[in-house]
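Lifted from TrEMBL, the feature list:
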COILED    350-384  coiled coil
COMPBIAS  179-213  compositional bias 'Basic and acidic residues'
COMPBIAS  306-327  compositional bias 'Acidic residues'
DOMAIN    212-247  domain 'EF-hand'
DOMAIN    400-501  domain 'MRH'
REGION    173-213  region 'Disordered'
REGION    245-345  region 'Disordered'
SIGNAL    1-17  signal peptide
Amino acid sequence: MKALLALLLLGALGCWAVEVKRPRGVSVSNRGFYDDSKPFTCLDGSRTIPFDRVNDDYCDCADGTDEPGTPACSNGRFHCTNAGYKPQYIPSSRINDGICDCCDTTDEYNSGAVCENTCRELGRKELEELQIQAEVAREGFRVKQLLIEEARKGREEKQTKLQEMVQSRQALQAQVDSLRAEKETAETPEQEAKDAHKKAWEESKEAEKADVDKQRSLEVFTDLDQDSDGMLTASELLSHLELDVDGDGSVSDQEAQSLLGGPSSVDVGSFQESVWPQIREKYKSEADALPVPPIEEPTESHPEVPEDEDEEDGDEGEDDEEDEPEEDIRVPPSKTQEAEPEMPPYDETTQALIDAAQKARSQYEEAEKSLRDMEDTIRGLEKEISLDFGPNGEFSYLYGECYELSTSEYVYRLCPFNRVTQKPKHGGSETNLGTWGSWAGPEDNKFSIMKFEHGTSCWQGPNRSTQVKLSCGKDTVVTSTSEPSRCEYLMEFFTPAACHSPPEVLSEDHDEL
Ligand code: MAN
């Protein structure tokens, strides 16, 4: 409030300054150059003229400084004192042009224009505006102090947490290593027992298959031994055309004889040993040899096809594909693959080894996951601690937060220290307008601009990038976005962290007044 009073005082001083004698259109600070007791030297030093030629409505000086109060010089400048508001220079061509330029009306002293002195009103409004700004700065600055304090505490907490985690990581790593060893120790006997179980199962399957084959060879022998004398002769093979070797469509005596090997007839033992292996794949019993009836395509009248599915058959497109698996139904039973019998359950000892190994695996995996989570947290903390959150950490509260602004076309999203995105409102995917790069303000105000770089590439242009201009505000908010040049974006962002101490703000404004 003291500072505002000082402002008002300055205004009053301005009023007093109007009273100082000086030629029309000359500012207080230039008054010394216009001494009516001496000849006048143009301010560029180019010429000296008698003082009565100052403001005589004739331009003598090349820089126009002899006619500050008349429109005689095309490059002249008229100074309005504007007591109660801001002093101002206007081009001297605007003097007496019938338009009120200076709020104190002094530019229209001889045009007949009726001007009203609005300086006091403008000054009052400006003062109000300054008061509001000062209030925002004060409140923002107060919040900033809290943010700084929070940031200090947060940073300490994070550092402590990081130290603790780095220490416990070692212990956790050791635990993971020992659980891995335990798991591996448990998995070796588990694997051996499972392999042994599988091997025994496969061997028993083989033995079973051999039994079945032996049984079949006996049946075939009985089948082929037409006179049932316990001996198979070449002539008994002749009717079995499927045993034709040379492909002439018949089984000759010679072919039959060669199937039997040396002797003219073989008993069941020799048959199983030397004949059966040769004919096993070819042999067909009389019943097998009967032709398989042709497979009927399902039709609308097919009794096995439900009616509603019939209708679907009529549909075109995807439905046809969905119907395909049903073709399996039409495979004749003789051609269906016999379902592989399932392996019998593990015996108790093997199951106990599996359970033990599974327990060791779960314990290892759980510890491993905790270690990975811990490492993620450590990396996150290290990253956060390494970021530059301003001289006193005042910007740290923005980390992990996002602020949106909706325009007619897009929703823009600013996630400080992370990324900026643009999402079309009417469909379409999000575009990356840049990931966190660096602080990019001028040397004396580095923390006034954030730069986000290397966003999605722009067609025939640069990779998208965004500059975020920070201003002091009570609240944290994005107020505008624009694209000053294609794929280069600009955002205006208000935050208490960008507020400076109020006296600083006001002393700058003093200079303006
Ligand atoms: C999209 C948006 C715009 C950008 C163009 C460039 O439409 O990202 O902001 O100007 O692409 O092609």
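Just so it is clear, glycine is given a Cβ too, placed from its N, Cα and C backbone atoms.
Those TrEMBL annotations? Automatic predictions, nothing curated.
Note that the structure is predicted; figures quoted are calculated from it, not measured.
Residues 253, 255-260, 264-268, 271-272, 275-276, 279-280, 282-286, 289 of the same chain sit 6 or more residues outside the domain 'EF-hand' (212-247) yet have a Cβ under 8 Å from a Cβ within it.
In terms of DSSP helix, strand and coil, the domain 'MRH' (400-501) has 9 helix, 57 strand, 36 coil. In the predicted model, residues of the coiled coil (350-384) average a pLDDT of 97. Sorting the domain 'EF-hand' (212-247) by DSSP state (H, G, I as helix; E, B as strand; all else coil) yields 20 helix, 3 strand, 13 coil.
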